[in-house]
Amino acid sequence: MFHKFISTLTNKKITQTIMGTINKENIKPAMLLSAFGDACGYKNGIWEFEKSPSRIYEHYEYLGGYKNLKINKKDWRLSDDTIMHIATAIAITRPTNTDNESICKELAKAYIHSMEDMAGRAPGIQTINSVSLMTQTGMRSKVYQWNEIDFSDRAGGCGGSMRSMCIGFKYWSDEQLDTLIELSIESGRITHNNPVGFLGALVSALFASYAIRSIPPKTWPLKLMTEVMPKAREYLEKTSNSSNRNIENYEKGWNYFWNSWKSYLKLRQIPSNPDELKAANDKGIDYPVFPKDYSDYKVRENFYHSISFSGWGGSSGHDSCIIAYDALLGSADNWEEMIKRSVLHGGDNDSTGAIGCCWWGALYGFNGVPECNYEKIEYKSIIEGLAKEISN
């Protein structure tokens, strides 16, 4: 299904408009390195479901390190993360899109079609259940529309955050912020109707939009907490109803997501409001601040575990983005370090890898990345074609 959506439009390196500057050349690396992070973390199910980081590191070293990770369909197939990220990219680039609702309908269709290619890719239960409700079958009396999935306390997983990054590449400017907020939230809420889940989709897309503009990563949370979260709240109130999207049902999840980010930012001494920014500048704090022993993967593993909802770091909407962001901050432009921090851990590492490596690619392109990491990756031509479409 994917090939028919691909065009042959030419990508341009830098585009300057009245809306600002975007490094379009890095959309392709971002999309491909996201797929790398997914395929590497998944490792055909071997690494994603390995809870021991020591065993993952032993296997990684046995393979010869990142310069010898020859990603290919047989040994490193893509998981559900990238298949659904591809689906998101297809939906937002459809020529028939006229408004946000039409795009949301396309998102639902694309997610339904993506289920045809999920054998051996370990899709999440919440995604499977939601998509099945939107799928026409002979025995189903009601087929749910894209905005009819019920609210659930159990829908806070990372299924939304792992697939929304490309929305930030399509709607990257300040003038498009409202569209980014609405579409990223809905891209997650289509299957994960819980703030912990769909706000993760918002952060993934938002930070991608910052990365593709080369906005310094340490400034992202201030913009998230002061500019974007209030707008997201307004949108949820505007779309609230008395049934499946009641704002009152969202309070617990909203607060959990907000407090999780506040706690993380306090830990790293990253400002989350103007007063904290002024205080940090007055005190000369060089943030983010990491523990001295944070280069030890065991120390990172304990932290990833501590912020998770269920003990599996990165499996929810909040911690998938926090871990990916933490890895990005700690790695700077070092590709190997990004792999170690975002992918090589005992949690939901294909999702944190897909998100974090996407942001990294948007910032740094293929700088220092061995070609073997992506040259034979599954669906490479499709991903490249969609990157061109998004750049258009």
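Backbone N, Cα and C atoms are what each Cβ position is placed from, and that goes for glycine too.
Source: prediction; values computed, not measured.
Quick look at what Swiss-Prot lists:
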- Ser79, Asp80, Asp81, Asp350: Mg(2+) 1 binding site (BINDING)
- Lys109, Gly159: substrate binding site (BINDING)
- Asp348, Asp350, Ser351: Mg(2+) 2 binding site (BINDING)
Candidates Asp348, Asp350, Ser351 (binding-site residues); nearest Cα to Gly159 (substrate binding site) turns out to be Ser351
Among the binding-site residues listed as Lys109, Asp348, Ser351, within 10 angstroms of Asp81 (Mg(2+) 1 binding site) by C-alpha we get Ser351
Surrounding the recorded Mg(2+) 1 site, with Cβ no more than 8 Å from the Cβ centroid of Ser79, Asp80, Asp81, Asp350 and those residues left out, we find Asp38, Gly41, Tyr42, Glu48, Leu78, Thr82, Ile83, Met84, Arg121, Ala122, Pro123, Met162, Ser351, Ala354
Between the C-alpha atoms of Ser79 (Mg(2+) 1 binding site) and Ser351 (Mg(2+) 2 binding site), the distance in angstrom, to the nearest integer, is 9
Spacing of the two Cα atoms, Lys109 (substrate binding site) and Ser351 (Mg(2+) 2 binding site), in whole angstrom, works out to 22
Here the Cα-Cα span from Ser351 (Mg(2+) 2 binding site) to Asp80 (Mg(2+) 1 binding site), rounded to a whole number of angstrom, reaches 9
What DSSP gives for Asp80 (Mg(2+) 1 binding site), in three states, is helix
Counting only residues outside Asp348, Asp350, Ser351 in the same chain, those with C-beta within 8 angstroms of the Mg(2+) 2 site's C-beta centroid are Asp38, Gly41, Tyr42, Glu48, Ser79, Asp81, Cys158, Met162, Gly314, Ser315, Ser320, Gly347, Asn349, Thr352, Gly353, Ala354
Integer Å value for the Cα distance linking Asp80 (Mg(2+) 1 binding site) with Asp348 (Mg(2+) 2 binding site) is 12
Long-range Cβ list for Asp350 (Mg(2+) 1 binding site), cut-off under 8 Å, min separation 6+ in sequence, same chain only, gives Gly37, Asp38, Ala39, Cys40, Gly41, Tyr42, Trp47, Glu48, Ser79, Asp81, Met162, Val343
If you count the other CB atoms within 10 A of the CB of Ser79 (Mg(2+) 1 binding site), including all protein chains displayed, you should get 27
